[in-house]
Amino acid sequence: MDCGICTSKSILLFLSLVFWGAGAVFAYVGAYMIKSYDTFESFIQNKQTLIPAAIVIGISVVMFIIGLVGCCSTLRESKCGLGFFFVIIMLIFAAEVTALVFTFIYQGKIGKALEGPMTDTFSKYDGTNNTESHAVDMLQINLKCCGVYNYTSWLNTNWYKENQAMPRSCCKNQSLCDGKPQKPDLLYQEGCQEKVENFLHSTLTFALLVVLGFAIIKFFGMLSVCVITCRSSSRRSGYQPLYA
């Protein structure tokens with residue numbers, strides 16, 4: 001076996017392993033993105049923001065299958081199998097580019113997607129254990145925030161007009177705070193919209209970097225398939241390439 005074929009096989013076998021590893025990583029990233037959106041489901045009504053996550057999970061399933069096809073085709077030097085491997089790599093590469101585009105687009109729409117639903121949910125807060133009140137309390141406690149923009153956002157809500165205080169979930173220490181705006185130092189100062197937006201931005205950025213990295217790997221995978229296919233064809237036809 002000449003050095004070129006051996007090297008190309010090694011690269012493709014390595015890439016097959018990378019496909020399996022990438023599939024596991026993409027599955028984790030997709031699940032993490034969906035879990036992140038589920039955490040703030042009450043504040044996000046635009047379900048299109050889940051499109052990047054759906055694409056990433058779809059890619060992960062395909063990658064497990066392609067890794068198996070690539071490994072078998074490389075070991076058998078199957079021209080048909082390698083051709084199929086190349087086409088699949090190219091399709092996945094296109095899907096990854098699509099995911100990159102959608103992720104980039106929706107990063108710029110997060111703020112607008114959050115503002116209306118979040119304001120509506122906060123306005124429905126009544127301190128009971130209903131869906132809206134529970135979501136608001138959990139959000140403010142977990143993210144250490146208060147109100148949509150800041151704690152003064154509560155001043156225009158029915159809850160404040162009736163109670164003359166913010167919810168206790170706005171308090172840094174609920175045992176020492178009654179939610180009165182006259183003692184702002186005892187309240188969380190940052191608004192929840194900014195906190196959620198930053199969290200989702202960081203999640204999408206992480207996903208974007210992962211997808212970009214594996215898109216680059218796919219590009220080199222396509223080059224490797226071309227090399228092993230051309231060298232194998234030349235060897236079987238009885239001709240030797242000039243650079244052998």
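First residue shown is number 1, and so on along the chain.
Heads up, the Cβ atoms here are built off N, Cα and C, so glycines get one too.
Predicted automatically and left uncurated, TrEMBL annotations should be read as such.
The transmembrane segment feature in TrEMBL is assigned to 12-34 (among others).
Feature annotation from TrEMBL assigns transmembrane segment to 54-75 (among others). Beyond its flanks by at least six residues, the transmembrane segment (54-75) meets 9, 12-13, 15-20, 22-27, 29-31, 33-34, 81-82, 84-85, 88-89, 92, 95-96, 98-99, 102, 207, 211, 228 of its own chain at Cβ-Cβ distances under 8 Å.
According to TrEMBL, the transmembrane segment annotation covers 82-106 (among others).
Taking Cβ-Cβ distances under 8 Å and a sequence separation of 6 or more, the neighbours of Cys170 (disulfide bond) in its chain are Gln140, Cys146, Gly147, Tyr151, Trp154, Cys177, Gly179, Leu187, Tyr188. According to TrEMBL, the disulfide bond annotation covers Cys146-Cys170.
The transmembrane segment annotation in TrEMBL covers 206-230 (among others). Sequence-remote contacts of a segment are chain residues at least 6 beyond its ends whose Cβ falls under 8 Å from one of its Cβ atoms, and for the transmembrane segment (206-230) they are 4-5, 8-9, 11-12, 15, 18, 22, 25-26, 29, 33, 52-53, 56, 74, 77, 79, 82-83, 85-86, 89-90, 92-93, 96-97, 99-100, 103-104, 107, 241.
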